[in-house]
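Asks: Got a structure here, written out as structure tokens. Questions coming.
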Amino acid sequence: LYHVLLTIFVIPNALYKPAVFSYINIFSDQYHYNVLKMAGMPELSKLEQCVLELHQIGVVKFGDFTLKSGMQSPIYFDLRIITSYPKLLHTVSEMLWAASPIRTFDHLCGVAYTGIPLATVISQIEGLPMLVRRKESKSYGTKKLVEGVFSAGDSCLIVEDVLVSGTSVYETVETLQGLGLQVSEAVVFLDREQGGVKNLAELGVKIIPVVTLTQMMSILRRHDRVSQSVAGEVASFIAANNNTTIVPQKQQVDVGLKTNARLHKSFSERAHDTSNPLSRRLFNIMHEKKTNLCVAADVDTAGDLLKLAEEVGQHVCILKTHTDCLPDLTSAVISQLQQLAKKMNFLLLEDRKFVDIGSTVSKQYRQQGAWAHMVTAAPVLGGDGVIRGIAAEIMKTGDRGVVLVAEMSSEGALRSAAYVDACRKMADDHPHLVLGFVCQSDLTADPRLVQMTPGVSLSCDGDSLGQRYVSPTIAVTDKGADIIIVGRGITKADDRTTAAQLYQRAAYEAYTARLQ
């Protein structure tokens, strides 16, 4: 169509009105045309031309991608490949340098890895000394973490390709400041608008982006490089995922090293450890309300579900539901339940135990779990596809999470070490999605993950159907529970509010004793 329009309208005008048509710059090697100057058409800006070329060579990709954080994204930006396009690498580097209003830095430092070639080009163009920060210090030779010649008090500009939470930039800043360098500014090519600018500003680092993701999408849409539906999907993703946090390097190093790290950190401390917004919200609720109680709403009617929520809401951090057991469930009931959760400050966990293949789980979640803050999944058969299936739907809304069922509390439940290890790996691979585990033993030392233990009761050992109970104290101290899950001990009580208070007090006292 472009060729036809060019033939019909542009070339004839060029023949009969040469002044109207100045020139056409044809990039035949990239299979696209840039009309740079026509009558009534402004010349493409340097940024527009750069974005279009980046899209053309495959730097900007659309689909379903898992980011380093574990977050699912409809767009991926792979600037590493521009090292194969020297002119474009030069252009991007020039734009990064031009973005900074300050030109009096003593050094440049590119964030590994793509920031390094960008900083190298700027260094060559501007004649500015460059420093290289390694991912980890060498185990041989000088064993330096930062290479280059510098003095304490020197100023340094950080160069980065893509900004998400800002963790990589902050790690670089932290290292350089530790060596006495003055670092307070960074230039990035693309700001994905997921909280990085705000996070770094709070830590004293000013971020100057060349382009934001919203601006980039506007350029691509204006030039018909993406459809309206794709643009809308990316816009929704930005709106739903703009609250990331930075986990400082020293905290990341601690994770998993101390066997008791999770057991001996307070909920408020763990809220700072995690980069998962929903996990952080849960830890804060537990700390502020002084409760680590989850009530399993094992009721038979929607009316009783709402009544139970009103009776126990002030004393719980989570209300766990089985809405597929309620014959009279309606969207109005769900809406009322959500309002109660907001009013009384607790989260909703739909215990659906998703288990099928990814595509099926995605459809099931949309119908049966998307309304709740969290859902349970038992990927014993579907494997990692279960998580990715849910992630594909959560990506559209944000503020949702998954709890993996690693172990059950019923007698005779299958307990495979391989399955438990697989659950741990899924939590590691999807930290932005997986909040923790339902389990019966101390499965993890990671303070970012939550362990929920069901089968807790103050009064009985079990039932006729194989359920086995332990006390709140044993669940928290011996089994490593962060949250106890109590069902019939509360739902069958004559006074459910008083029963919830008793379990809340017992579990929280066991938690505070565990911190000692």
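Using N, Cα and C of the backbone, Cβ positions are placed for all residues, glycine too.
These came from TrEMBL, pasted as-is:
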- 292-503: domain 'Orotidine 5'-phosphate decarboxylase' (DOMAIN)
- D298, K320, S409, Q467, G487, R488: substrate binding site (BINDING)
- D351: active site, for OMPdecase activity (ACT_SITE)
- K353: active site, for OMPdecase activity (ACT_SITE)
- D356: active site, for OMPdecase activity (ACT_SITE)
Asks: I'd like to know which of the recorded positions K320, K353, R488 has the most other Cβ atoms within 10 Å of its Cβ.
Replies: K320
Asks: Of all the binding-site residues given, namely D298, K320, G487, R488, which is spatially nearest to K353 (active site, for OMPdecase activity) at the Cα level?
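Replies: The smallest Cα gap between K353 (active site, for OMPdecase activity) and any of the binding-site residues is with K320.
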Asks: Measure from the Cα of D356 (active site, for OMPdecase activity) to the Cα of every one of the binding-site residues D298, K320, G487, R488, then give the nearest.
Replies: K320
Asks: Including all protein chains shown, what's the count of other C-beta atoms within 10 A of the C-beta of D298 (substrate binding site)?
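Replies: I count 17 other Cβ atoms within 10 Å of it.
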Asks: D351 (active site, for OMPdecase activity) to K320 (substrate binding site): how many Å between their Cα atoms?
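Replies: Per the Cα atoms, D351 (active site, for OMPdecase activity) and K320 (substrate binding site) stand 6 Å apart.
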Asks: Which has the fewest other CB atoms in a 10 Å radius around its CB: D351, D356, the listed active-site residues?
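Replies: Counting other Cβ atoms within 10 Å of each of the active-site residues D351, D356 gives the minimum at D356.
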Asks: To see if you understand the setup: which same-chain residues, six or more apart in sequence, place their Cβ under 8 Å from that of G487 (substrate binding site)?
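Replies: When sequence neighbours closer than 6 are ignored, G487 (substrate binding site) has V295, A296, D298, P454 within Cβ distance under 8 Å.
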